[in-house]
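See below for the structure under consideration.
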Amino acid sequence: MGNARNIAFWVVLFLLILALFNLFGNGQTTMNSRTLSYSDFIQKVDSGEVGAVVIDGEQVQVQTRDGQNWVTIKPEGEVLNETLIDTLIAKGVSVKAERQQQSGFFSVLSLWLPFLVLIGIWIFFMNRMQGGGRGGAMGFGKSRAKLLTEKHGRVTFDDVAGIDEAKEELEEIVEFLRNPQKFSRLGGKIPKGALLVGPPGTGKTLLARAIAGEAGVPFFTISGSDFVEMFVGVGASRVRDMFEQAKKNAPCIVFIDEIDAVGRSRGVGYGGGNDEREQTLNQLLVEMDGFEANEGIIIVAATNRPDVLDPALLRPGRFDRQVQVPNPDIKGREKILGVHARKVPLGPDVDLRIIARGTPGFSGADLANLVNEAALLAARIGKRFVTLDDFEKAKDKVMMGPERRSMVMTEDEKKLTAYHEAGHAIVGIHVPQHDPVHKVTIIPRGRALGVTFYLPERDKLSLTREAALSKLASAMGGKAAEELVFGPENVTNGAYSDIQHVTNLATAMVSQWGMSDKLGNINYTSTQESFLGSQSHFNASEESREIIDQEVRRLVDEAYDRAKTILKDNWQEMENLAQGLLEYETLTGEDMMRVIRGDAPKTGDDDDDSSDKGSAVPSLTAIPKTKKPKEPKGGLEPEPSA
Ligand SMILES: Nc1ncnc2c1ncn2[C@@H]1O[C@H](COP(=O)(O)OP(=O)(O)OP(=O)(O)O)[C@@H](O)[C@H]1O
Ligand SMILES: [Zn+2]
């Protein structure tokens, strides 16, 4: 390796000398250049005579294609704006900018700037190639993939907690890596790639390492952004190198973190997309097709934006398997705390279950951080154990701190979300032709604090008017519940996407689907295909537009009233469900029905305690209640809960 550095040194020196020679050789010509008026300069640009310009403050050095040098001064206040620069570039003029106040000598030097930059890049590369050794990880070739060996600590599935479904799905891959022949003999089709999808800090990297650890195979890791920060062609060759290396070490796991950095859909974005990234992505696709499924290489990739990925990546034979890695629920959090608390002596007053309850919205990484901070705090004051008090202080630190990677909810937000989601679900149960609830959760996802999933999740091909009206009502259920429980002045912007959804649905009903008597069976929109995708435009008269607005408004208002009535009529169910959500955070459709009836969920584990059932959710820190739940108003049975 030292050798490579030496060679680099000599080559650079040689090139520098060469550059200097050239500099003094023809430097003079530029120095005695004649002046040119600005308008003449523009003319010369238009007529294509100009070959290169160097912009140096208000002075512009102009070199014509026939080798003449001119200097022109920009008029006071005139900026060489983007359009002029664009025109210059379009005319094939090489444009350089220089820092102001440079002497003639330096302005000549600037002609050599690109050359020097190239050398710089080259040095940078040489450093990279050798620099992989940092931290003991072995860098290889140009691919920058790091090989993590057992020396870095073997990670097994035991180290990953609270995401059991994901682990189960990956179990098969472990089996395959342990014994590839066994699988291929039976003709079973092994996935080549698995895509781990989930918010930051949920343990995707950890999970991938655990697969390798369980199977006892090498683990290569690289980040998607390592492929794209470079220059044209480099990303693609890194991909090639990476696969070569993987093939040499098969069976093995190659982990590509943040695959969305390379894997974004091709041909979108401004300026016709990014050639370098597309090339890299194409190379990745080619390589993934290029090895046989039984070679024993599994590519595991992670992303939190599966929606932006190029569909080609998700096709069979590539990342055809998607594994969801969600933020942990209350039980998951307890288990993750358990994993990280293994190495920490806990005081007798520490109950991980209670800590789990007080940390809604924490990701696995947040929890690991929490335990670590608590241990540090205890150590700082010389304690022998970590006590509950340390955890409380640590929690504040994690919640405030810059290291927090995921969305962390306060108790108040949690409560509001529980009622909001319960509102959706209860209305959904009580309207006709509504899809059954598949799952309700108050664990934050993306920008949403909670989600109610209905089955089927996809839009059906046909939708009756009745079903559409039901959808409108259940979508308004969330906000209706917020208003009933916390009062109209305390509703939040959490219903943002519900409102968007309702508006779109109601608009489609009246303007496209002929579901409004007033507007009749007329499609008032026209759809345009453009490079941005298809877009609908209203294609209606002023008059009809007004009626469309009125009708949409009517539908939405009616849906909101309907939702409120349903919730008032079924208030006990609503309370039961909200309390159940506060306690269990995620409920399947079946468990939800049990909770609504007042029973405990079936899947809730039974090491149970009816003691802390119901009302007060013990919190790690007492959060002052800012919002007092309002007595639900209007014709409501008195409801003495909470
Ligand atoms: N499910 C979990 N069980 C145990 N520890 C976890 C879990 N999830 C996260 N952690 C802890 O958080 C750390 C960071 O997690 P990791 O880097 O695997 O998350 P990630 O999902 O890959 O995040 P990112 O998307 O930001 O890369 C892990 O090293 C581990 O200590
Ligand atoms: Zn909602």
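The first residue you see is number 1, and the count goes up from there.
Glycine is no exception: its Cβ is also placed from the backbone N, Cα and C atoms.
According to TrEMBL:
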{"type": "TRANSMEM", "residues": "7-25", "note": "transmembrane segment"}
{"type": "TRANSMEM", "residues": "104-125", "note": "transmembrane segment"}
{"type": "DOMAIN", "residues": "190-329", "note": "domain 'AAA+ ATPase'"}
{"type": "BINDING", "residues": "G198, P199, P200, G201, T202, G203, K204, T205", "note": "ATP binding site"}
{"type": "BINDING", "residues": "H420, H424, D498", "note": "Zn(2+) binding site"}
{"type": "ACT_SITE", "residues": "E421", "note": "active site"}
{"type": "REGION", "residues": "597-642", "note": "region 'Disordered'"}
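Considering only the recorded positions E421, H424, D498, G201 (ATP binding site) has E421 as its nearest partner by CA-CA distance. Cα-Cα distance from H420 (Zn(2+) binding site) to P199 (ATP binding site): 22 Å (rounded to the nearest whole number). Contact annotation for binding-site residues (G198, P199, P200, G201, K204, D498) versus ligand 2: D498, each with CB under 6 Å from a ligand atom. Under 6 Å, Cβ to nearest atom of ligand 1: this is the test, and of the recorded positions P199, G201, E421, D498 it is passed by G201. Taking the centre of the Cβ atoms of H420, H424, D498 as the Zn(2+) site, the nearby residues of that chain (Cβ within 8 Å, site residues left out) are E421, G423, G450, T452, A475, M476, G477, G478, K479, A481, G494, A495. Counting other Cβ atoms within 10 Å of each Cβ, the binding-site residues G198, P200, G201 show the lowest value at P200.
Its Cβ taken as reference, D498 (Zn(2+) binding site) is surrounded by 19 other Cβ atoms within 10 Å in the chains shown.
Annotation note: H424 (Zn(2+) binding site) sits in a helical segment as assigned by DSSP. In sequence order, L196, A302, N304, V325, S363, G364, A365 are the same-chain residues whose CB sits within 8 A of the CB centroid of G198, P199, P200, G201, T202, G203, K204, T205, the residues recorded for ATP being left out. Among the binding-site residues P199, G203, the residue whose Cβ has the fewest other Cβ atoms within 10 Å is P199. The CA atom of G203 (ATP binding site) is located 26 Å away from the CA atom of the residue listed as 'active site'. Here the Cα atom of T205 (ATP binding site) is found 34 Å from that of H424 (Zn(2+) binding site). T202 (ATP binding site) sits 23 Å from E421 (active site), taking the CA atoms of both as reference points. Using Cα positions, the member of the recorded positions E421, H424, D498 nearest to K204 (ATP binding site) is identified as E421.
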